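Have a look at the structure below, then the notes.
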Amino acid sequence: PPITQDHSMTRRLCRVTSGGCCSYSTLKAWLPILSWLPRYKLKWLQMDLLAGITVGLTTVPQALAYAEVAGLPVQYGLYSAFMGGFIYTLLGTSKDVTLGPTAIMSLLCFSVVGGQPQRAVLLSLLCGLIQAAMALLRLGFLLDFISFPVVKGFTCAAAVTIGFGQVKNILGLQGVPHQFLLEVYYTFYKIPEARTGDVVLGLLCFGLLVMLMFMKNRQRNIWSISFHLFAFCSYLSWSVRNALVVVAASLVAFSWDAYGHHVFTITGETSQGLPPFMPPPTSDTMANGTVVSFGEIVEGFGGGLALIPFMGLLESIAIAKAFASQNDYRIDANQELLAIGVTNIMGSFVSAYPVTGSFGRTAVNSQTGVCSPAGGIITSVIVLLSLEFLMPAFYYIPKASLAAIIICAVAPMMDFHVVAKMWRIRKLDLLPFVVTFLMSFWQVQYGIMGGVAVSGVLLLYNIARPQIKESDHGALVMELSSGLSFPATEYLSHMIHTHALKASPPRSVVLDCHHVSTMDYTVISELRDVLRQFKLQDVQLIFSRLQPSVLEVLLAADLEGLRYTHSVEAALLLFIVELPETKSEVTE
């Protein structure tokens, strides 16, 4: 007998199946690891191991160095370097990006908390909460309001500030203020107090790093055995070179110290072992015993509490997009926000300060051939092993060697060639660049805020003063080059009155609106008055090439005397024939 079809059962089954698929798709969207883990291959594991180890070798010395920039004990750099690898493997959408301490975030952290560890950890929690909230509310578009000149002005100023801030460590100077202008003055003032050992070791480390960097970028024939050795070193990744320099400098410092010659400024005592997993402190105790409440700490963060999350997101997403384009895959910007936010939240439970994507370590990761975000797990394990077993060895790391690593790391950020490019393309873009660059030497956060404010003014000016192209075809044709919104209302009205209504005799106008996609109530109100003025002067205002959405708004406004055509030519013809009295569309 034929099988009876139960359509109601079929519909219920389809709903269940569809709901299950949607739930799994949603889960994959929030946990990208579910997309690549089922197709993970053994060959990928080999490449991820190699990349993870290589990046780990760069992370350890850089994390120690960036903690110095943040004004924190060196172990806080390592505390901040391992959580990102685990979280990003679960939540990240780029195979290349590595999260951890960076030069810019370290500088911003110092500018806000002034080298106070407890407040730096609390800052990480608050930044993470803001970033995660932005991801959940899909507010990533706010980053679009930070223009490229502002970013470049900030990064150039940050490179100068960070780089010069390490000169005192190469010279072995003590008691130099951290405010940039005072730092410059006192660095030169205290040059006679420079320690010979620090100067010699710092310059040797710096020279070796620069030499290896240039040798890597040069192609030449190798004829001698000695050059073979240097050529091999030059082709080592930047991470290995950093590690070799730190190890060599530490051995030199240890040797001199063993013979009783304390000629180098060394890192000194550090906390050994893994950090305890505990909630970040919500209050702080000053040296005199005064307890600072949570509200007072947050108030002290000021604008930095808004600036640091934004800069962290901007830096990381820019890196992710750059490498996604280079390696032919796509990222989800809002998912990247979530990954950074959760990393900072969880990092605050292990005494980390705010982190973001690192361009240098991401480049090493990509060049080593990483195949998935799992390479970050290997990097994090290396950092954890360093915390557990190598902290006593860090006692002898000379600060001059860390300073040399930082200077070499931030040098590529000083990209002043962009100034010439902006001058050629649009000179006005130099204004937010210069404002950001100069103000950043006063206070980093003020530099970015000032640059964003100037960019905002320029953006609003373009909105309020749209370009209007005029041409004379018997009647005056005015072509609007952009949309119309309320800031442009007065300017448009002024141009129409000046060039048409106040002319002798008054002239009719064809308003070409094919670039106009929206009109607001303020514009409509002004157009009603303008149409009345045209009627009083016994001349005509005709709209042409209106987009459907704009035409719908104009018709809904019930403007008296409204006339419109599909083309400018049709509008011009109307001045030859008699215009109809009714408000309706005039066809060609």
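Each residue's number is its place along the chain shown, starting with 1.
Every residue, even glycine, has its Cβ placed from backbone N, Cα and C.
Automated prediction, rather than curation, is the source of TrEMBL annotations.
Features of the protein shown, as given by TrEMBL:
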- 49-67: transmembrane segment (TRANSMEM)
- 121-141: transmembrane segment (TRANSMEM)
- 196-215: transmembrane segment (TRANSMEM)
- 227-254: transmembrane segment (TRANSMEM)
- 301-324: transmembrane segment (TRANSMEM)
- 336-355: transmembrane segment (TRANSMEM)
- 375-395: transmembrane segment (TRANSMEM)
- 402-420: transmembrane segment (TRANSMEM)
- 440-461: transmembrane segment (TRANSMEM)
- 474-588: domain 'STAS' (DOMAIN)
Can you give me the average pLDDT across the domain 'STAS' (474-588), rounded to a whole number?
84
Selection from 49-67, 301-324, 402-420, the stretch that has most Cβ pairs under 8 A to the transmembrane segment (336-355):
301-324
Proximity of the transmembrane segment (301-324) to the transmembrane segment (49-67), 3+ C-beta pairs under 8 angstroms:
no
Against the transmembrane segment (49-67), which of these stretches has the most C-beta pairs under 8 Å: 121-141, 402-420, 440-461?
402-420
Report, as numbers and ranges, which residues of the same chain sit near the transmembrane segment (440-461): CB under 8 Å and 6 or more residues beyond its ends.
107-108, 111-112, 145-147, 149-150, 153-154, 157-158, 160-161, 180-181, 302-304, 307, 311, 428, 431-433, 487
Under an 8 Å Cβ to Cβ limit, what residues of the same chain, 6 or more beyond the ends of the transmembrane segment (402-420), are close to it?
61-62, 64-66, 68-69, 103, 152, 155-156, 158-160, 162-163, 166-167, 169-170, 202, 205-206, 209-210, 213, 242, 245-246, 267, 360, 430, 433
